[in-house]
Amino acid sequence: MGVIVESDVWEPNPALYLFFFISCCLSIYYLPNTTRCCAVFDHAPSSSFIRFQTSFLLLFYLSSVMEGLLAVFGEYDLVYYGVSREQMVISLCIGYAAALFVGTFLGMLSDLIGQRKICLLFCFLHLFVSIWRRLTGHPSVWLASICLSLTSTIFFFNFETWMVVEHDKLEQRQDSVNDMFWLMTFLESASFIGSQVVGNWLIGGHEKTSLLAPSSAVVIMALSALAYVSRGWKEDPKSIILKDYQTKFRTYILGDKRVWLLSWTQATVHFSVAVFWFIWAPTTVADGREVFLGLIYPCLLGAKMLGSTAFSWFLSVPLSLRTEECLVYACIIMGFVTSVVAFDYQDIEILVMLFCIFHVCVGLVLPSLARLRTMYVPNEVRGGMMSLSIAPSNALMLFLLIQRGFYQNIENSTIIAMAALGLFSAAGCMYMLKRLGKQPHQNWHKL
């Protein structure tokens with residue numbers, strides 16, 4: 001008599017998608033009128049400012065979709081073409097090395113030559129990788145890893161810096177900048193979900209004939225973004241010289257301990273998010289059950305979207321909490337959640353709940369850190385500060401990839417525990433930043 005073995009496949013409850021969708025809609029709809037998403041444009045006293053925000057959000061959304069398509073299907077592409085584990089580890093190491101030794105200085109370059117030119121570089125790198133993939137079927141893993149690591153670094157610092165610089169140039173209120181911070185985090189997550197939907201639709205189950213379709217879509221979007229930025233976007237030429245920039249950078253970044261605390265917090269958050277995206281899949285399937293990870297991915301991004309809307313509530317509702325205090329509590333919660341995962345807790349339902357809590361906090365933390373940068377960092381050196389702040393995270397990830405990938409000297413649980421310790425240290429940094437009080441450069445920005 002034969003034995004029938006039923007496969008145990010775990011899927012998230014469809015009600016979870018509905019919960020995040022309704023929660024985000026209600027969170028935005030019931031915001032006070034001064035901070036509601038549509039009121040972002042109401043702060044503008046001129047049509048030029050409305051055109052800027054509309055154009056910027058369109059460009060940012062297009063760039064997010066490009067990042068999302070290659071992020072969602074990058075690993076799948078490597079597996080489909082039979083790239084070995086050693087080659088994957090090498091490509092990741094090369095990517096983080098490029099982000100560390102080249103990407104760290106791209107922020108400083110954007111401060112010197114302008115964010116528009118760095119945005120053109122971002123689009124060109126995406127276009128180059130996608131065309132090569134389309135023509136050859138499978139580009140060099142090393143070259144693709146280098147280019148995409150640089151685009152991720154540019155995406156992190158350039159768009160935020162560009163937006164803040166343009167807002168100050170148009171002499172807009174700080175409220176409109178704060179609205180843009182959470183809206184950018186919200187749109188980024190929404191575009192990543194859209195990238196997954198678009199990519200699955202383009203592939204359509206015909207791998208051999210349609211696997212390159214996402215690359216074709218990126219080519220079209222990159223060409224559109226290049227034309228849009230090069231022809232329809234004007235930027236004042238930078239007048240700062242290298243010597244003056246170095247002086248400002250030493251004075252306002254390297255010489256200000258408050259910026260050091262803010263930079264360390266950004267580095268630990270960046271590191272914990274990077275660790276999560278490396279560890280979440282093997283941690284989820286550790287109990288042996290089959291899991292459709294593609295169905296969990298939208299839940300995590302939906303949680304991040306909900307967290308970004310919470311930032312606007314903290315600004316609109318009269319609370320006694322300062323931004324630094326909110327970050328203290330958020331980092332502590334993220335640290336505790338990460339600590340539980342570090343103990344190899346293998347119940348999938350609990351893990352998914354913890355992952356969602358983690359991303360709600362990420363959605364709150366990212367715009368909060370951007371707001372503090374606006375308060376503490378001069379616009380002239382903002383890009384350099386942001387790219388330099390994630391250098392410790394890239395260096396540590398490179399070290400851990402080598403130790404874990406080649407020598408097996410460290411376990412996943414240890415890496416997660418390191419991320420938890422970093423988040424607890426970030427909470428301590430924000431507490432110290434609160435104790436130091438307001439910074440002296442706050443009067444640069446129009447309140």
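Each Cβ is built from the backbone N, Cα and C atoms, and glycine gets one as well.
Feature annotations, courtesy of TrEMBL:
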- 15-31: transmembrane segment (TRANSMEM)
- 56-76: transmembrane segment (TRANSMEM)
- 88-106: transmembrane segment (TRANSMEM)
- 118-135: transmembrane segment (TRANSMEM)
- 141-159: transmembrane segment (TRANSMEM)
- 180-203: transmembrane segment (TRANSMEM)
- 209-229: transmembrane segment (TRANSMEM)
- 259-280: transmembrane segment (TRANSMEM)
- 292-315: transmembrane segment (TRANSMEM)
- 327-345: transmembrane segment (TRANSMEM)
- 384-402: transmembrane segment (TRANSMEM)
- 414-433: transmembrane segment (TRANSMEM)
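A Cβ distance under 8 Å defines the sequence-distant neighbours of the transmembrane segment (118-135), meaning residues of its chain 6+ beyond its ends; these are 59, 63, 66, 70, 106, 109-110, 143-144, 147-148, 150-151, 154-155, 158-159, 162, 212, 215-216, 218-219, 221-223, 225-226, 229-230, 383. Sequence-distant residue pairs (6 or more apart) of the transmembrane segment (88-106) and the transmembrane segment (327-345) include fewer than 3 whose Cβ atoms are under 8 Å, leaving the two stretches without contact. Taking residue pairs at least 6 apart in sequence, the transmembrane segment (384-402) and the transmembrane segment (327-345) share fewer than three C-beta contacts under 8 angstroms.
Residues 252-253, 300, 327, 331, 334, 338, 341, 355, 358, 362, 365-366, 369, 372-373, 376-377, 385-386, 388-393, 396-397, 412, 415-416, 418-420, 422-423, 425-426, 429-430, 432-433, 436 of the same chain sit 6 or more residues outside the transmembrane segment (259-280) yet have a Cβ under 8 Å from a Cβ within it.
Taking every listed stretch (15-31, 180-203, 384-402) in turn, the largest tally of C-beta pairs under 8 A with the transmembrane segment (141-159) is reached by 384-402. Counting residues 6+ beyond its ends, the transmembrane segment (384-402) has Cβ neighbours under 8 Å at 89, 92-93, 96-97, 99-100, 103-108, 110-111, 153, 156-157, 160-161, 245, 249, 253, 259, 262-264, 266-268, 270-271, 274-275, 373, 377, 410, 415, 418 in the same chain.
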